[in-house]
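Listed in Swiss-Prot for this protein:
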- Cys115: active site, proton donor (ACT_SITE)
- Lys22, Asn23: phosphoenolpyruvate binding site (BINDING)
- Arg91, Arg120, Pro121, Val122, Asp123, Leu124, Lys160, Val161, Ser162, Val163, Asp305, Ile327: UDP-N-acetyl-alpha-D-glucosamine binding site (BINDING)
- Cys115: 2-(S-cysteinyl)pyruvic acid O-phosphothioketal (MOD_RES)
Amino acid sequence: MDKFRVQGPTRLQGEVTISGAKNAALPILFSALLAEEPVEIQNVPKLKDIDTTMKLLSQLGAKVERNGSVWIDAGPVDVFCAPYDLVKTMRASIWALGPLVARFGQGQVSLPGGCAIGARPVDLHISGLEQLGAEIKLEEGYVKASVSGRLKGAHIVMDKVSVGATVTIMSAATLAEGTTIIENAAREPEIVDTANFLNALGAKITGQGSDRITIEGVQRLGGGVYRVLPDRIETGTFLVAAAISGGKILCRNAQPDTLDAVLAKLRDAGADIETGEDWISLDMHGNRPKAVNVRTAPHPGFPTDMQAQFTLLNLVAEGTGVITETIFENRFMHIPELIRMGAHAEIESNTAICHGVKQLSGAQVMATDLRASASLVLAGCIAEGTTIVDRIYHIDRGYERIEDKLQALGANIQRVKGE
């Protein structure tokens, strides 16, 4: 398995170009199954999960090509089962189910894999599709959905806010007969982006970005061209990289209005921040950040995917900061690794109390999930000495060329190829 070797400490400064959002690109790629004509999707990041999705769409019979953009022609799809060997590495595969049953009247997806953070059940996806008229069976490790004729529009009140289930219901409802209303819908920018993509193909979706989404079913979706929005979590990660090192950064191809909660906390930490239509700059003027209190919440609250990075910020900040994780259980797995590097923290159920130290020291650490591993790499950039980050396949699932981008900011980081 590959590792990163990071030599520190370094002050990170310079420019970085942000990639397209993985968490928008994935639902958009799966939603392309609804289209009877070819679609071109631009600004798709080059990541393992994206490659897996393209392979999965090909196995279903779609024509998939990548040359700059990703081109998908789902016209010839004639296989309706997403097999275990592809699904096991990526839980996003469940997003194939709604489009398959909506367009072809049948679909099966193996129960998914992915990051090891907490329980992420598929129940909400299943109950949403059932309310649209699909018959669901769980057999031999597969979720099997079928419907005779078209799905039927429904008024669906979601038990809890779920990004994944909102995508499933919204995409399936585009081809349902009648109108579907989703109450307590997720409001994330990636949901808005997926809805805008579907509308570009001829869907009739309104209210995306609010907690009430309305979908008027249409007979078919055509082709189109769409550009995926920038990755707000990658943007936030690089802003934190500059903040913890007293540095200065300009993020290009960014979308500031998707990061309000994160930018507010960075300002609280003492960062000087400016924004334009598609850029964000941060300058610490060489200062250490101040500790901040963070409580994760569904959008527009503070994103759980930025929690590990802000935990690290607090661990090297002036003062004490409290991090409360309300979205996923089991999401402080990076803290014991950071303690090996000299950090001071206590964990009490879903709360981490972080006492800032002036300097971390390099150590051998192990990545456990995607965002936790990013925080370990950033810790290595500012720690005294050498840090080895093991199991970095987690990082490759969510960050495009993170080592190249960090090197451009002055980091001393190398990928060490595994045996």
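Using N, Cα and C of the backbone, Cβ positions are placed for all residues, glycine too.
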*Looking at the binding-site residues Lys22, Arg91, Lys160, which one has the fewest other Cβ atoms within 10 Å of its own Cβ?*
Lys160
*asked:* On a simple 10 Å Cβ count over all chains shown, which one of the binding-site residues Asp123, Asp305 is most densely packed?
replied: Asp305
*Please report how many Å separate the Cα atom of Asp123 (UDP-N-acetyl-alpha-D-glucosamine binding site) from that of Asn23 (phosphoenolpyruvate binding site), as a whole number.*
20
*Once near-sequence residues are set aside, which residues in the chain of Asn23 (phosphoenolpyruvate binding site), 6 or more away, have Cβ atoms under 8 Å from its Cβ?*
Val163, Glu188, Glu190, Asp231, Ile233
*Does anything in the same chain, at least 6 positions from Ser162 (UDP-N-acetyl-alpha-D-glucosamine binding site), have a Cβ under 8 Å from its Cβ, and if so what?*
Leu124, Ala186
*Expressed to the nearest Å, what is the distance separating Lys22 (phosphoenolpyruvate binding site) and Asp305 (UDP-N-acetyl-alpha-D-glucosamine binding site) at their Cα atoms?*
12
*Can you check what DSSP calls Ser162 (UDP-N-acetyl-alpha-D-glucosamine binding site), collapsed to helix, strand or coil?*
coil
